[in-house]
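Colleague: First, the structure itself, so that you have it in front of you.
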Ligand code: PEP
Ligand code: MG
């Protein structure tokens, strides 16, 4: 392939905006994911040089891991840092090193490719074993392999993470949710990826962490230059390479203005989220990490409407936290949000979330596989640990709730409730205090559950619509595949009707419906959701001030009339136009 020369002039690359904000910094390229390194032939005389390169990369990797280990000890102690000892042992594994040498001599190909092939063979064997502990080791192997390959790829060793202090704009082919979760926001001021979508968990995490992000920047890696200055505009979805002084000044001014506007909205934090004609809407937040806790009170949210517990349960390299650790963790959040409650969603693993190796082997269709409540029901001991921890954690904080994800029908709901009841009885027997008023709800994100909401409403205290998965499963459009991203429309008439049906079925049984998918944070679609009858919105922390302002400027009566028309509309375009027109009329300032 002939690569275009990298331009010396200001260049604008257009992608999809997924996390608002502006980042100015130097480009940092991240080659990640297990993309197979390009293979090329070498001569027998080059073998020794390849081996030297390989051993240097192993050494650099070991040094980086030791630095990470030290940092982890400071943050959370020896126990969590032990994972890095295992990584260093892997780098010294004689069998792997010997095999790389043998294959190098035999195949006469570059060493990163040989190393990749050798590691893939080992991982494949591990993925097939029954023992979940051994299977989980593939994630470690993948991690170490990637570091070594990155170090082999760069002409200079990877920057020492401690030393790189200037603001960076990260550019990658793709980022996993765990790459994003591990990002140091004080260093990485924004990121751009070649692929991705706005409802992937990587994008959701970027918004939670307040990191501006743009995805879908086709061939960005071919056009960027490491360390070159850049601006990432997370509002418009643009990555500007080598900006002129004029552009830099414009963005500096814009950044100040945006911050000022945000602060003005924050000043409304103590005002109720009520429409102009008096309809109360509960405005709560979606949370993934503890560092978001402080923001919940700062923005004046009414507690947490969706706590995605999987990031805590699966994100810890040292293993799944036990019941005691979970209780402490959940309690801290519940107490921090009092007097408002927290809705704890039980483990929702699978799909594009964190690597599931700890629980299962990789699946051919992860979004249609062993996800959400399916995992919990087939691992009752794991499930009960989490249920007891939530019950105990909320003993002194009224108003909390528990929510089951990926419900597809009645039997799952009654089985999950039955197990919850067993947990209550176990705690009762042991005289352990627990929340007696814990509300029980379900996520409506699978069409089969939505169709059954009249029946399910008799079993639960609330519904929460996960519009990300509901859209994915209703229209059969993968939420993380950017090839079909233009078809991913939460305003598809079928999705809108399903949301309407759910709310109406709930109202008949006095079961309120919340919206917690990304649709709830879209100011153009807010009139539609309010008009359909949703009484609660759960959004990313940073969106709370904007959504509060928008709700306070809406008229429920007008929203309801508009939603009735939307329910009759034949296509998504008409629905978007109807809702956007009312949004623009109600809060024009948010569209300036
Ligand atoms: C959803 O599917 O809309 C949802 C809120 O859950 P998650 O994004 O975690 O799958
Ligand atoms: Mg979901």
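Numbering starts at 1 and runs along the chain as it is shown here.
Cβ atoms are placed via backbone N, Cα and C, with glycine included.
Annotation comment: TrEMBL describes 201 as active site, tele-phosphohistidine intermediate. Sequence annotations record features per position, and here TrEMBL assigns active site, proton donor to 516. Annotated phosphoenolpyruvate binding site per TrEMBL: 308, 345, 468, 469, 479, in sequence order. The annotation Mg(2+) binding site is assigned in TrEMBL to 445, 469. Per TrEMBL, domain 'PEP-utilising enzyme mobile' is recorded for 165-237. Positions annotated as domain 'PEP-utilising enzyme C-terminal' by TrEMBL: 265-555.
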Colleague: Suppose we screen the recorded positions 201, 308, 345, 479 by Cβ distance to ligand 2 with a cut-off under 6 Å; which survive, in sequence order?
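Modeller: Within range of ligand 2: none.
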Colleague: Within the set 308, 345, 445, 468, 469, 479, which binding-site residues show a CB-to-ligand 1 distance under 6 A?
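Modeller: From 308, 345, 445, 468, 469, 479, counting a Cβ under 6 Å from ligand 1 as near, the near ones are 308, 445, 468, 469.
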Colleague: Spatial neighbours of the residue listed as 'active site, proton donor' among the recorded positions 201, 308, 345, 468, 469, 479, defined as Cα within 10 A: which are they?
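Modeller: Taking 201, 308, 345, 468, 469, 479 one by one, the ones whose Cα falls within 10 Å of the residue listed as 'active site, proton donor' are 468.
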Colleague: Cα-Cα, whole number of Å: residue 479 (phosphoenolpyruvate binding site) versus the residue listed as 'active site, tele-phosphohistidine intermediate'?
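Modeller: Each residue's Cα considered, residue 479 (phosphoenolpyruvate binding site) and the residue listed as 'active site, tele-phosphohistidine intermediate' end up 10 Å apart.
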Colleague: Using DSSP, how many residues of the domain 'PEP-utilising enzyme mobile' (165-237) fall into helix, strand and coil, respectively?
Modeller: 18 helix, 19 strand, 36 coil
Colleague: Based on Cα coordinates, which of the following recorded positions are within 10 Å of residue 445 (Mg(2+) binding site): 201, 345, 469?
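Modeller: Matched recorded positions: 469, sequence order.
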Colleague: Given residue 469 (phosphoenolpyruvate binding site) and the residue listed as 'active site, tele-phosphohistidine intermediate', what distance in Å do their CA atoms have, once rounded to a whole number?
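Modeller: The Cα atom of residue 469 (phosphoenolpyruvate binding site) is 11 Å away from the Cα atom of the residue listed as 'active site, tele-phosphohistidine intermediate'.
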Colleague: Which of the three DSSP states, helix, strand or coil, fits residue 468 (phosphoenolpyruvate binding site)?
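Modeller: In three-state terms, residue 468 (phosphoenolpyruvate binding site) counts as helix.
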Colleague: Which of the three DSSP-derived classes (helix, strand, coil) applies to residue 445 (Mg(2+) binding site)?
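Modeller: The residue in question, residue 445 (Mg(2+) binding site), is coil (DSSP, three-state).
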Colleague: Rounded to an integer, what is the Cα-Cα distance in Å between residue 468 (phosphoenolpyruvate binding site) and the residue listed as 'active site, tele-phosphohistidine intermediate'?
Modeller: 10
Colleague: For the phosphoenolpyruvate binding site, please report the maximum Cα-Cα distance among 308, 345, 468, 469, 479 in Å.
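Modeller: Farthest-apart Cα atoms in 308, 345, 468, 469, 479 are separated by 20 Å.
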Colleague: What is the total of other Cβ atoms whose distance to the Cβ of residue 308 (phosphoenolpyruvate binding site) is within 10 Å?
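Modeller: I count 23 other Cβ atoms within 10 Å of it.
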Colleague: Return only the integer: C-alpha distance in Å from residue 308 (phosphoenolpyruvate binding site) to residue 201 (active site, tele-phosphohistidine intermediate).
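Modeller: One finds 11 Å between the Cα atoms of these residues.
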